[in-house]
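Participant: Encoded as structure tokens, here's the structure I'll be asking about.
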């Protein structure tokens, strides 16, 4: 925190000379009479009853209302930022710095409040509806309605607009093919009504560049840059919203003033850095354009050269080199332009000032974000490839280097192993294609005493395994005692009714919470350390058994006990946890699983490690996608682990615990380090501090002859909600 505090005085705002605080005099234009969610719902209802003019009216109003609210929010935030200009604090007493800082915050807040709606929640879109607008769903309704009222040109534009963002939509593709064959439909009718100006201009510039029309290329690329910074300003302004709690974290969030400010400000900065990706993304395309902003100057320097403008060519080359100073080709180009123009004329030409300012601001933001990643465990994934290495703290650089080297080594060795397996598969020509799924499985468990009891074949599925002997009887008892002790100490969700059934209670503890309670002497510290080590043990077993090419990262983990409520068991027909899929929303009637939020789409593998079997019910079972046809059942017992991939191939549930208490460690993993658990980073650091060792004790059990497994991830992001297996 100490490195952040000196920066605070630089952020002081004031709205003119000292004076009384008050709301701004300026007021924004009125908000739409109806919020976009109500208009969208009205349009959908009109569609259902076939009232096509009403569909057009309501959906068009919904689109305009959402755009107006967003534009109003951007205008308001930018106006308030401009009205509270930065003032230097040099020469002031140090004791006044904090007061001036918060005085500026109050002025900004008063300004924002003055232009906000009287009922802000009425105009705030929920996640689901925001997703519908991002998917351009209103245009799906509109294209049908326009066609029904014989406005074919508008129908074509709406269909094209929807298809640009949904290129896999088969029906819309067929509609567009039909429109192309219709008489009177022009090519210009196929317009993207949601096209972003900066991307449109960039594409035009690149097209003219490819067609060797440098003058036209320059015109559109320069326009693209202007529009880019307009879009960047708007995107960054929209980041300054309320704090986004992750899952159920708000129930346990407990931070002091500076921790809360840090958490929120880092979230805002991370969002603003994410505008780089947002502005480089194209609807319907999975990956954004790499190095999007610098690439403008790569095109421009050569276009200006072909146009005979060496001054501008030098300016753009030097600007590009701000991002990639060691680019060999660009340095050669710059040397050539300088030689042609002359050293005396070329030397005074500087990179563009607005790009210098952009780069400086971006690097300062990255320094703060990497610092918070290193010190507080708040993850940050840099969207740029041009960031200088020295911006990243040395300790974090070393961590990332070790992770990359370990991942590369494991990938290479697994690749060699897979080549051997592929050779075996080719030799067995008579085996079915399904066999390849099982061949990937079956790697060593890497720990003595552990053995595979059931594999995918015996569990009637794919990417499934049951392992016994993961824990000893004494370790199971010790971890059960830890759960009860942590519940007595209080961890935020002890003794609550289960979120999945009113007939059971549950309580539990996360790894970090257990370690903190151990540090405070409220639970045995060695038991908390055992809990940490056991989760690492399961992770390494999963990586090795499923022969994963990249490391697994913890997405969420907790030790939880479910207890049957005796008086609520009579006539009980529900499950302890109904059938579900861990990374998608299961629609059992349609036999589909939709991989989109609010599902935890980033989860790739799941595991549950049982601590006991002395209870009634509580069996774990797999089903088909219909959630009814059971394919396999696993009875819990001490030291038994069930591991499986988290996708639609593995719907699963937990049968009712009808008597006694069932305790287990539930673990979810991700292959994407951006979604790894923030608490895990803090737990890793706490273990190193408490036990003064660089390696977890259990890792020493792995013999030198066995296959290497993935290194422990030190990346971290958010803790998911308290969901259970």
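Placed from the backbone N, Cα and C atoms, the Cβ positions cover glycine too.
Sequence annotations record features per position, and here Swiss-Prot assigns coiled coil to 394-441 based on sequence analysis. Swiss-Prot lists 701-715 with the feature compositional bias 'Polar residues'. Sequence annotations record features per position, and here Swiss-Prot assigns domain 'Fe2OG dioxygenase' to 557-671 based on sequence analysis. Positions annotated as N-linked glycosylation site by Swiss-Prot: 82, 460, 533. The region 'Disordered' feature in Swiss-Prot is assigned to 701-725. According to Swiss-Prot, the repeat 'TPR 1' annotation covers 36-69. Taken from Swiss-Prot, the feature repeat 'TPR 3' applies to 198-231. Per Swiss-Prot, the feature repeat 'TPR 4' maps to 294-327.
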Participant: Same chain, outside the repeat 'TPR 3' (198-231) by at least 6, Cβ under 8 Å from its Cβ: which residues?
Facilitator: 279, 282, 293, 296, 299-300, 302-304, 306-307, 354, 358
Participant: Could you tell me the C-alpha distance between residue 460 (N-linked glycosylation site) and residue 533 (N-linked glycosylation site) in angstrom, no decimals?
Facilitator: 31
Participant: Ranked by the number of other Cβ atoms within 10 Å of their own Cβ, which of the glycosylation sites 460, 533 ranks first?
Facilitator: 533
Participant: Could you round the CA separation between residue 82 (N-linked glycosylation site) and residue 533 (N-linked glycosylation site) to a whole angstrom and send it over?
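Facilitator: For residue 82 (N-linked glycosylation site) versus residue 533 (N-linked glycosylation site), the Cα atoms are 52 Å apart.
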Participant: Reported in the order helix, strand, coil, what are the DSSP residue counts of the repeat 'TPR 3' (198-231)?
Facilitator: 31 helix, 0 strand, 3 coil
Participant: Over the repeat 'TPR 4' (294-327), work out the mean pLDDT and round it to an integer.
Facilitator: 95
Participant: Where does residue 82 (N-linked glycosylation site) sit in the DSSP three-state scheme?
Facilitator: helix
Participant: Let me check the 10 A CB neighbour count of residue 82 (N-linked glycosylation site). How many other CB atoms are there?
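Facilitator: Counting Cβ neighbours of residue 82 (N-linked glycosylation site) within 10 Å gives 9.
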